[in-house]
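K.L.:
Pulled these from Swiss-Prot:
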ACT_SITE  CYS95  active site, acyl-thioester intermediate
ACT_SITE  HIS347  active site, proton acceptor
ACT_SITE  CYS377  active site, proton acceptor
Amino acid sequence: MSLNPRDAVIVDFGRTPMGRSKGGMHRNTRAETMSAQLIDGLLARNPKIDPAEVEDVIWGCVNQTLEQGWNIARMASLLTRIPHTSAGQTVSRLCGSSMSALHTAVQAIQTNNGDVFVIGGVEHMGHVSMMHGVDPNPQLSLHAAKASGMMGLTAEMLGKMHGITREAQDQFGYRSHQLAWKATQEGKFKDEIIPMEGHDENGFLKVFDYDETIRPETTLEGLAELKPAFNPKGGTVTAGTSSQITDGASCMIVMSAQRAKDLGLQPMAVVRAMALAGVDPAIMGYGPVPSTQKALKRAGLTMDDISHVELNEAFAAQALPVLKDLKLLDKMEEKVNLHGGAIALGHPFGCSGARISGTLLNVMKQNNGTLGVATMCIGLGQGISTVFERL
């Protein structure tokens, strides 16, 4: 396809191995250090790109306190080969933070406000718990359902509204682990994981080039034995069908098509369309439906045109209604999350948007796909979607 000089293209993508937040590989690595090592690793394998050309480091992070505070984008950038003359900003759109970071870079490129951006995100949920320092306004319950801030209960609500059974959720959770393990065994994550030093369960320092969150031993029988995690009486959502609490970071190099051409780079993909949407916070997990419909309309496409989809697996009870209403349930095995998802890999909030986008691009490359959608729900009722075309 012919590109406009101001089209925004993805030049490369990398991520850390995903670590368990409780005693995991990253337990002795700080969030900004992890981010810096990832950024340096991605730039090191792209020697044609001069770090001094980076206009801005745009980094998603949700709980911006402790080691994730004081503008972690800048804090991480100062630890890398990127010179002090490049800028840095931290973005929070909760679960959609690093996809918003991507959108911000794309919008800047399209409006001639920069040519080279480093985007991504991090969340070290082992060091900074999701509720640390958070003080929700008690008056929120006058404007939205009281349970809107309790993600597990919103998933229960959405699953109940759409008739999603416990068995269907368990099957979805099992699928995530099996596909992620299969992708690992077949080397499908090799291009996207930047190996990192970390500590194993015995405390020994080693290099990790795989995700320690995947549980290949998962069985449907084992999942069926788990108790409801959020609604003890009649609930269907369990720990086994929820995204894992994980430590990790993801990163992309985003450029104008003209600058990529000037440097002789072959981009992975071009961003065709982007969209956001809001929904009732009580069913926050439904957000990807309107945001994806909006993004496809902006791209002049329908879901039938899309070869592959990455939907963040916040909860099986949330993902299945989204897939149902996007008319993807009967095409799930050929199109959706072919390398598993957040149930197996985890959902480090600030990291996930860029992570699913980059995984999508690799899935498309490995399966000769042309058009793809990355989409995710966002706490308190939002959806975010990006349409990519592989180059």
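Numbers run from 1 along the shown chain.
Note: Cβ is positioned from N, Cα and C throughout, glycine not excepted.
Context for these features, please: burial, neighbours, distances.
P.N.:
For the recorded site, CYS95 (active site, acyl-thioester intermediate), the DSSP three-state label reads strand.
The Cβ of HIS347 (active site, proton acceptor) lies under 8 Å from the Cβ of CYS95, SER243, GLN244, ILE245, THR246, ASN312, GLU313, ALA314, each of which sits 6+ residues away along the same chain. For the recorded site, HIS347 (active site, proton acceptor), the DSSP three-state label reads coil.
Sequence-distant contacts of CYS377 (active site, proton acceptor), defined by Cβ-Cβ distance under 8 angstroms and a gap of at least six in the same chain, are CYS95, MET284, GLY285, TYR286, GLY287, PRO288, ASN312, ALA314, GLN318, VAL322, GLY383. Secondary structure at CYS377 (active site, proton acceptor), taken from DSSP and collapsed to helix, strand or coil, is strand.
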